[in-house]
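I have placed the structure first, in the form of structure tokens, so that the comments after it can refer back to it.
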Amino acid sequence: MEEAGRAVADAAQDLAPQGPALLLAGGGANGGDAFVAARHLLTLGREVLVLALPSRHPLTRLNRRRWRAVGGVTRPLSASAVSHRAPGAGVIVDGLLGTGFGPPLRPALAGVIGALGAARSHGTPVVAIDLPSGLEETSALVPDGPDGLPGTAGADLTVTFMGLKAALLFGAAAAQAGRVQLIPLRVPGDWVQAQAVAEQPTDAHVAALLPVRRADAHKGTAGRVWIVGGHPGTVGAAGMAGVGALRAGAGLVTLHSAADVPLLMPELMIHRHADLRAALLGTPESGRPDALAVGMGLGPDAAALARELLRWQRPTVLDADALQIELAGHGHAACIWTPHPGEAARLLGTSTQDVTRDPLSAARALQQRLSGVVVLKGGPSVVAYPGGLSVSRGGHPGMASGGMGDTLSGILAALLGQGLSARDAAVTGVRLHARAGERAAQVHGYGLSASDVAQELGGAWQDLSAALPAHRPG
Ligand SMILES: NC(=O)C1=CN([C@@H]2O[C@H](COP(=O)(O)OP(=O)(O)OC[C@H]3O[C@@H](n4cnc5c(N)ncnc54)[C@H](OP(=O)(O)O)[C@@H]3O)[C@@H](O)[C@H]2O)[C@@H](O)CC1
Ligand SMILES: Nc1ncnc2c1ncn2[C@@H]1O[C@H](COP(=O)(O)OP(=O)(O)O)[C@@H](O)[C@H]1O
């Protein structure tokens, strides 16, 4: 609590260094953080007032006493007190409700939140502690307040602890959080892993994971990748995965399909098989690829074929038609499963709305069910690996078009083929794909196609490499 409150004080001071600071303290530990922040703001020379609810929380009571001991002033919290004090404030710190909040919001606090929202709309900056009050930690939705009152005042800056919560990453809730500053705090790693909170790697961190080739690399050392997909009507899916794999650096890409796949790049080696299953499963150990992506447009028999291919224990991306719950228990550590929210809902036996309301928990549940690594696609995408979650923001709404996920599957297979672990391939592949989308969107906007994104993969790789502290040409 001490570290958390101090970080809030520093952030409030950076955001709005002038004028009195008004802190709103609820009855839980979130309120305790507010009392700690008040004490630090006072030592920074600010004029500070705390408006507080009574508390039964021992640490909050302790920090209220500490606040009083340094001469700090506390007044009872009410909507009218906030309306009265807010106009003179240079900054307001919202420590009303944090992760302990569960809707419905009680009317008394709804009035306080309404008064806070009014102050914010008149231009007083608001710093939220951990979460803007009224948001639920694990939900992308903004709960309604009582009697048509707003459920949250939102914030200009949210200082959050330990890890990023779903409410700060997704949907309408995230739009209320303003800028988000993450304070990791010194708490046991297994405590963090038990929460549905995510890390967000920087581009420099992602770039450090990218494969580096020796000068004498050749096509046989850069990864032999198979794309297994395509069915009459969905042949393009396999083709786009193949292009994604080539553009993400695979040395040799072979596309196996039961249908005629269009030759999108002459470098792709396309094999059409009358009996796809017999042709692939007859491959001797020495002829098997370094990595494969299975399922893009593969059709109704995808799961049965995928189950056989998983026995090879080769790094494998499972996408689209191969995302079937009957494969649970057949995965291994080098698998990457790439559902979008609809596919994730099918795998979890729930609704798409449930998945999009809390993508962090959905991704974590899927990873536990399927093993290996799960990429829950969206804007942003979540990577769930054993013991943790990573979120990749970025990309562009123009990427909401058919074929984008197929390209990603090819990229992931290429990175697996170049020797990355499933976790590193997922984290780097998702970011490369999103960065390529950002670049292509500068030209194509909402008219973006998956082929445009694949064209930009080389540039995206260069962009990420440039983020390394000592720039290493990609
Ligand atoms: N864990 C850690 O290691 C760290 C945790 N930290 C901090 O702890 C925070 C979590 O603290 P927490 O668990 O005390 O909950 P918190 O968000 O203050 O809410 C509880 C209060 O809300 C009230 N309340 C609830 N529902 C309500 C409703 N519908 N409508 C109205 N009121 C409602 C509830 O009232 P009661 O039910 O008790 O009457 C109670 O007073 C976390 O967000 C972070 O800031 C940091 O210090 C860093 C280290
Ligand atoms: N609004 C968005 N912002 C960022 N990325 C997006 C957005 N919409 C879609 N994407 C990305 O595009 C891809 C879409 O995948 P998917 O739905 O499987 O497409 P398809 O099945 O047509 O290949 C995912 O990687 C997703 O993260």
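Cβ atoms are placed via backbone N, Cα and C, with glycine included.
Curation does not apply to TrEMBL; its annotations are automatic.
It should be emphasised that the depicted structure is a prediction, and the values quoted were computed from it without experimental measurement.
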Need a hand: TrEMBL gives LYS377, GLY378, GLY379, PRO380, SER381 for AMP, which of GLY398, GLY402, GLY403, GLY405 is also on that list?
GLY405
Binding-site residues near ligand 2 among GLY297, LYS377, GLY379 (Cβ under 6 Å):
LYS377, GLY379
Consider the binding-site residues ALA237, GLY297, ASP406 and say which one has the Cα lying nearest the Cα of PRO380 (AMP binding site).
ASP406
Spatially closest candidate among LYS377, GLY378, GLY379, SER381, GLY405, the listed binding-site residues, to GLY297 ((6S)-NADPHX binding site) (Cα to Cα):
GLY405
For ASP406 ((6S)-NADPHX binding site), which of the three DSSP-derived states applies: helix, strand, or coil?
helix
What average pLDDT does the predicted model assign to the domain 'YjeF C-terminal' (202-464)?
96
CB-centroid shell, 8 A cutoff, AMP site LYS377, GLY378, GLY379, PRO380, SER381, GLY405, site residues removed:
HIS340, VAL375, LEU376, VAL382, SER392, GLY395, VAL430
